[in-house]
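Per Swiss-Prot, the feature active site, proton acceptor maps to His21; the stated evidence is similarity to another entry. Annotation comment: Swiss-Prot describes Asp123 as active site, charge relay. Annotation comment: Swiss-Prot describes Thr274, Gln337, Trp355, Asn356, Ser357, Glu360, Asp376, Gln377 as UDP-alpha-D-glucose binding site, evidence class similarity to another entry.
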Amino acid sequence: MDAQQGHTTTILMLPWVGYGHLLPFLELAKSLSRRKLFHIYFCSTSVSLDAIKPKLPPSISSDDSIQLVELRLPSSPELPPHLHTTNGLPSHLMPALHQAFVMAAQHFQVILQTLAPHLLIYDILQPWAPQVASSLNIPAINFSTTGASMLSRTLHPTHYPSSKFPISEFVLHNHWRAMYTTADGALTEEGHKIEETLANCLHTSCGVVLVNSFRELETKYIDYLSVLLNKKVVPVGPLVYEPNQEGEDEGYSSIKNWLDKKEPSSTVFVSFGTEYFPSKEEMEEIAYGLELSEVNFIWVLRFPQGDSTSTIEDALPKGFLERAGERAMVVKGWAPQAKILKHWSTGGLVSHCGWNSMMEGMMFGVPIIAVPMHLDQPFNAGLVEEAGVGVEAKRDSDGKIQREEVAKSIKEVVIEKTREDVRKKAREMDTKHGPTYFSRSKVSSFGRLYKINRPTTLTVGRFWSKQIKMKRE
């Protein structure tokens, strides 16, 4: 396929190299490419591209409407190419990966010069990307893979340092609030670092910012973020990977057989993402919490890359697996989360509340037991409770996970009749925003509205203004 022929508009996408960023970008790319008026260049590291190749539908692979483009990061003895991803990356190497990504700006400029796309869609962690695009007269818009709640809460103190957040209906618990803000509401040093990164990326976006969210969840935050940025903020979510090919996910057969033997909505899926590795103490509290809950569970345990010695038995309390018996299935490394959440016997998701996992839980109508760990996750956990689709397992005054709270939260969500409201609200999310929602999303009308081959900042803003108007109709 010649991307430059006819009226095809070329878009280059540059996500951060974490799964929680790659997959929403890929879903956006797939949706746009199906319009047949767009050719997508999907730019990332070699190891990241290898990870997403199996998730490309055969129809897209055959017509080459999404073309994978390698971004070469500088390698070093501590950060060889196979570690150019956050998936399983040891936490002490994360700063080196961020620095290597920044150092790839020169190679990215060569890519832009060679491909000359009509538009760049970039991620929240690359303030240098729109600068490179601007130097080549290529308009760039930001796509945030997290929600408007966290973005607006983080940016508010910078714009209005002496006033409270105006639309808050939930308050961060003491442990998390102390991490990001001082007693008078000002940002801490950690909070300032996050705010500076976000502001640099969002304010340089051409007239519009895309967010992987939807109005029924975050209307007031989306509108307030638009005020803070003085830009249109367009929700294009929920963008969640939807597996639809039989045999696509290896290892699911044994998991499905196990799930098939359980009662409807009787099982929780436990996962803390691909980037966070709970400490020994945290693992024990979570394990004992699961044991005390007396609920069936599938738990995915992940270990950092290069850790070939850790075993499931070593990571868990002595005798835990024997005591759990048939209630438990523990999987090392990876499990097909979307397929498990879709199964009729799954009744809850015990999650770190990464935005992507949270969207998946909502998309498949599964209530969430939130156990946030860091970054945007405390904000997301608060939003889960505010939306009524889950509960947060409260930590103690020192910020430590409590087994009793984990067990209590699981029981509330899965068993207790008094929290049928949570289960009902989660099911409503599935009905409104399940697997068919994004095909109905107004983003799918991109091709009908986008008329200009090489848009300027102004035309990009006008186009997305139409998207917002259609969203509200």
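Backbone N, Cα and C atoms are what each Cβ position is placed from, and that goes for glycine too.
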Worksheet item: Roughly how many angstrom lie between the C-alpha atoms of Asp123 (active site, charge relay) and Ser357 (UDP-alpha-D-glucose binding site)?
Response: 18
Worksheet item: Cα distance, the residue listed as 'active site, proton acceptor' to Asp376 (UDP-alpha-D-glucose binding site), nearest Å?
Response: 13
Worksheet, complete the sentence: Between the binding-site residues Thr274, Gln337, Asn356, Ser357, Gln377, the one whose Cβ has the fewest other Cβ atoms within 10 Å is Thr274
Worksheet item: Largest pairwise Cα distance, Å, within the listed UDP-alpha-D-glucose binders Thr274, Gln337, Trp355, Asn356, Ser357, Glu360, Asp376, Gln377?
Response: 21
Worksheet item: With every protein chain in view, how many other Cβ atoms are within 10 Å of the Cβ of Asp376 (UDP-alpha-D-glucose binding site)?
Response: 24
Worksheet, complete the sentence: Top of the recorded positions Asp123, Glu360 by count of other CB atoms within 10 A is Glu360
Worksheet item: Counting only residues 6+ apart in the same chain, whose Cβ is under 8 Å from the Cβ of His21 (active site, proton acceptor)?
Response: Pro15, Asp123, Leu125, Thr145
Item to complete: Measuring CB to CB from Trp355 (UDP-alpha-D-glucose binding site), give everything in the same chain under 8 Å that is also at least six residues away in sequence.
Response: Gly20, Thr145, Thr146, Gly147, Asn212, Asp376, Asn380
